[in-house]
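Engineer: TrEMBL lists 24, 25, 26, 27, 28, 29, 30, 31 with the feature ATP binding site. Residues or ranges marked as domain 'UvrD-like helicase ATP-binding' by TrEMBL: 3-247.
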């Protein structure tokens, strides 16, 4: 049952010591409700919590969310805010003997178990993001959840200890939590204890876009609470969202009531980038621009083509499945060094002499006299010329003899090795990468750096969950991915699992818009999809 005052409904469940689930669509202010619920508990039960040494647990999916919640409750020491891994590890690490026994049993269930027959129980068991090494007492992210569930199933005393210390456990963005975590919370913790442990889930099942997430949750121990307000989106955008999701019809409740929505099918233009060009021209005539609109493309490949760093991305793809992520996270030696070069050039152009001096202090020459300034000015001007017209190799060769930034040892090693003979397979692959990346235009480094630093209006569709923008342009090209197919989802002809993923992602993207929403199909829609798309956007303008 939908209740307009969500907080009152939550308070009712908290006072009755009943677990609950708040299902709220995009823009509903789920985190605000969670924070208000925390504040209510702190006001109502502070003395009780302090007297018994208890805490309220608040589990978040990301560290960004953790920081936001901590700020809004002024880092109150009675609330333990952290990711699920931090929460579970804080509990199970206190039982090393029981944990090691579970590790031995757990090891036998792995596809590639380690030989632990001669391994003594380590003095310290470590939770690390460096990956699993059970023989050294090191467990990974996934292991923490699996081992916690195993301990919960075999050690009832541990459950009583947890529920005694944490009488209330909130979960933010529950849909992204793993099924094993939800199993642990609802089937082992909820309702346990003299004062029954209360589990409060806050989220939106339709915003599950990560495959590891549980998605929708239904359980006898949960009282469902539905929130229908949308404080973010304009009425026309909410109308589109309600067509997508008739089972949770929202009300536009924010200050931004007026808006516009556009659907570009562009059947009179050949499939491909020209359709986006045509849509941009139409939107520009209505006052949309790169400055006031966010463009969402699903894959880095799509953005790389648009922003012209596709060749650079392709070289990182050759490093393996982790390559593109290493590029975007700047975890690879070349891009780390090139990022420093870009920071140096940016600081010089902006006349940010504090940043410039700091960067140069890490290099070969410090500014101690006037002649140093002249030498550095000349070196940076020469660098900017090569950046604009040369390749990555040209810039690396220039920097090898430059008075600016010293080349890091890891890059030097790769540069020496790229011409070496008799390399093993791993180093040969690395040498090929080093040689190939040198041939890429340096302009692509500038483009990818601007994208990573969010200096462009483009984003991947996965990367904007939780964000909002004045105007949003969602660009759909079903030819560039296999995990999703928006066209088949609209036509109702895809497999159920991919249909759900596609609909969820499309919903997340469209619901980022505060005022205006435009959806541009680069490819032709399959039979049956056109009618659904037109129906969903009936309140706006359809451009055939």
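In case you wondered, yes, glycine gets a Cβ from its N, Cα and C as well.
Describe the structural context of each listed feature in the structure shown, including burial, neighbouring residues and relevant distances.
Structural biologist: Within its own chain, residue 29 (ATP binding site) has 227, 229, 231 as residues 6 or more apart in sequence whose C-beta sits under 8 angstroms from its own.
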Engineer: Give the helix, strand or coil assignment DSSP yields for residue 31 (ATP binding site).
Structural biologist: helix
Engineer: With every protein chain in view, how many other Cβ atoms are within 10 Å of the Cβ of residue 26 (ATP binding site)?
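Structural biologist: Counting Cβ neighbours of residue 26 (ATP binding site) within 10 Å gives 27.
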Engineer: Starting from the Cβ of residue 28 (ATP binding site), draw a 10 Å sphere and report how many other Cβ atoms land inside it.
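Structural biologist: By my count, 25.
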Engineer: When you measure from the Cβ of residue 30 (ATP binding site), which residues in the chain that are at least 6 apart have a Cβ under 8 Å away?
Structural biologist: 22, 24, 172, 173, 202, 203, 204, 227
Engineer: For residue 25 (ATP binding site), which residues of its chain lie six or more apart in sequence with Cβ-Cβ distance below 8 Å?
Structural biologist: 204, 206, 227, 228, 230, 241, 245, 248, 250, 511
